[in-house]
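Colleague: Supplied in C-alpha cells, the structure appears directly below.
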Amino acid sequence: STAGKVIKCKAAVLWEPKKPFSIEEVEVAPPKAHEVRVKIIATGICRSDDHVISGVLVMPFPIILGHEAAGVVESVGEGVTSVKPGDKVIPLFVPQCGECSVCLSTKGNLCRKNDIGPASALMPDGTSRFTCKGKAIHHFAGTSTFTEYTVLHETAVAKIDAAAPLEKVCLIGCGFSTGYGAALQTAKVEPGSTCAVFGLGGVGLSVVMGCKAAGASRIIGVDINKDKFAKAKELGATDCVNPKDFTKPIHEVLMEMTGLGVDYSFEVIGHTETMAAALASCHFNYGVSVIVGVPPAAEKLSFDPMLLFSGRTWKGSVFGGWKSKDSVPKLVADYMEKKFVLDPLITHTLPFHKINEGFDLLRTGKSIRSVLLF
C-alpha cells in the first residue's frame, strides 16, 4: 500500500510563464490531517489554466496547473470523514468549508477558503505537497490536477456516484457546471426569455444548455469563430451571429434582433470590451448581464453608468453559483439520469503526455474540451 508514503509519479510542471509544460517525475507527500490524496484518472484542459501560462492570471512558479478533473481516493489524512480510499471523486477549485460566512449564507458559493485570487498557491497550511528536483512546486486553485496524484483539502473534494464515467464527468469539475449554473443559478433564466451568450467555447456552450434547460425561447450565440455555430445550434442556440459580419457594434445588432435587448446576456470570454457589449445588449430596464469569463488581471473597465441607472443588473458568477460539495454529486447524478449531455463538449481525448498538444488545440480554436487521460 502507498498510504502514508511519498508517491513518485508523472506531472506536468510549468516552470515559468509563456513556456510549454514539462513532464517531470514529482514526489507527492502523503495527506496531512483533513487532506485527501487522489489518483487523477481524467482531467480537462480549461482556458483558465491557459490564463496562468499567458500571465492573464498571475500565479507563482513553478506550478502544477489543472483544476477540472475526476479521480479515485488513494488515501486520507487524519480526521477525514466525507471520503474513503477507493471513492470516486471530483476536486473542487471552489471549496465548501461549511463554516465561513459565505458557506453559511443561502446566497453565495465562493467559500472564503478558496485559493483563486489573490492566491497563496499552497495548501491551506501554507506548504506544498509537491516536490520536483528538490524544489517545492506550487499548487493551483487548491486542486492541481495535471499530475497522476494530487493532494486536496477535504473541503475541496466531492464524492460522486461509483458508476460515473470519470472521463466524462470530469467536466462537472469546472467547465460544464460553470456555464450551466451561470444560467440556472446565477441569472435564474426564466421560461420564454431571450438570452445572448458571448463566447461559444466549452463554458459558453454549457451556458446555452443551461438557458435551454431553463426554457428560454430564444438563445443567441455570439462568436467570431463561425465553426462553433453548428455545435451551439445542436445544443440549443436558436440564432448565431458573428460580430465580424457587421459594421455596427454587436450590441446594436442584438438590439435590432430583439427589439429592446435580451433578457439575459452572458460574457463567457474574459475580455473587457465584450463585458461592456454584453451589458449594453441586455434590456435597458430589467436586463441581467452575467460575467462568466475570467477577467484579465490589472485591466479596468469603462462603460456608461446610464446603462445601469436605467435598471439593468450586472453580476458575476464563479463555478456557476453552485455550492460545490453539495451540488457536484447532484450534478453527476443528473448526468447519470441523462438530464444533460457532456459528450458534445468533448472534442478530443488525449494521453496525458500530449498535454502541450491539447493546449495548442485550445489556442487555435480547434477544440471545445480536450480531456487528458492517465
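From the backbone N, Cα and C atoms, a Cβ is placed for every residue, glycine too.
According to Swiss-Prot:
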{"type": "BINDING", "residues": "C46, H67, C174", "note": "Zn(2+) 1 binding site"}
{"type": "BINDING", "residues": "C97, C100, C103, C111", "note": "Zn(2+) 2 binding site"}
{"type": "BINDING", "residues": "G199, L200, G201, G202, V203, G204, D223, K228, V292, G293, V294, R369", "note": "NAD(+) binding site"}
{"type": "MOD_RES", "residues": "S1", "note": "N-acetylserine"}
Colleague: Any idea what the Cα distance is from V292 (NAD(+) binding site) over to C46 (Zn(2+) 1 binding site), rounded to a whole Å?
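Modeller: That comes out at 13 Å between the alpha carbons.
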Colleague: Around V203 (NAD(+) binding site), which of the listed binding-site residues (C46, H67, C97, C100, C103, C174) come within 10 Å, judging by Cα atoms?
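Modeller: Candidates kept after distance check: C46, C174.
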Colleague: Closest of the binding-site residues to G199 (NAD(+) binding site), Cα to Cα, picking from C46, C97, C100, C103, C174?
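Modeller: Among C46, C97, C100, C103, C174, C46.
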Colleague: Any idea what the Cα distance is from C174 (Zn(2+) 1 binding site) over to D223 (NAD(+) binding site), rounded to a whole Å?
Modeller: 21
Colleague: Quick one: Cα separation, C100 (Zn(2+) 2 binding site) versus D223 (NAD(+) binding site), in Å?
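Modeller: It is 38 Å, counting Cα to Cα.
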Colleague: Between C-alpha atoms, which of these recorded positions comes nearest to G201 (NAD(+) binding site): S1, H67, C103, C111?
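Modeller: The smallest Cα gap between G201 (NAD(+) binding site) and any of the recorded positions is with H67.
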Colleague: What count of other C-beta atoms do you get within 10 angstroms of the C-beta of V292 (NAD(+) binding site), across all chains shown?
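Modeller: Other Cβ atoms within 10 Å of V292 (NAD(+) binding site): 29.
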Colleague: Count the Cβ atoms, other than its own, that fall within 10 Å of the Cβ of S1 (N-acetylserine), considering every protein chain shown.
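Modeller: Total other Cβ atoms inside 10 Å, all chains included: 7.
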Colleague: Around C111 (Zn(2+) 2 binding site), which residues of its chain at least 6 apart sit with Cβ under 8 Å of its Cβ?
Modeller: V94, P95, Q96, C97, C100, V102, C103, T155, S324
Colleague: State the Cα to Cα distance, in Å, between the residue listed as 'N-acetylserine' and C46 (Zn(2+) 1 binding site), rounded to an integer.
Modeller: 33
Colleague: Among the binding-site residues G199, G201, whose Cβ has the fewest other Cβ atoms within 10 Å?
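Modeller: Least crowded of the binding-site residues G199, G201, by Cβ count within 10 Å, is G201.
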Colleague: Sequence gap of 6 or more, C-beta under 8 Å: which same-chain residues meet both conditions with respect to D223 (NAD(+) binding site)?
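Modeller: Sequence-distant Cβ neighbours: F198, G199, L200, G204, F229, A232, C240, N242.
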Colleague: Can you give me the residues near the recorded Zn(2+) 1 site, meaning same chain, not C46, H67, C174 themselves, Cβ no more than 8 Å from the center of the site's Cβ atoms?
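Modeller: The answer, listed by sequence position, is G44, S48, D49, G66, E68, F93, A141, T143, G173, G175, T178.
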Colleague: If you count Cβ atoms within 10 Å of the Cβ of C97 (Zn(2+) 2 binding site), leaving out that atom itself, what do you get?
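Modeller: I count 18 other Cβ atoms within 10 Å of it.
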Colleague: What is the maximum Cα to Cα distance, in Å and rounded to a whole number, among the residues G199, L200, G201, G202, V203, G204, D223, K228, V292, G293, V294, R369 annotated as binding NAD(+)?
Modeller: 20
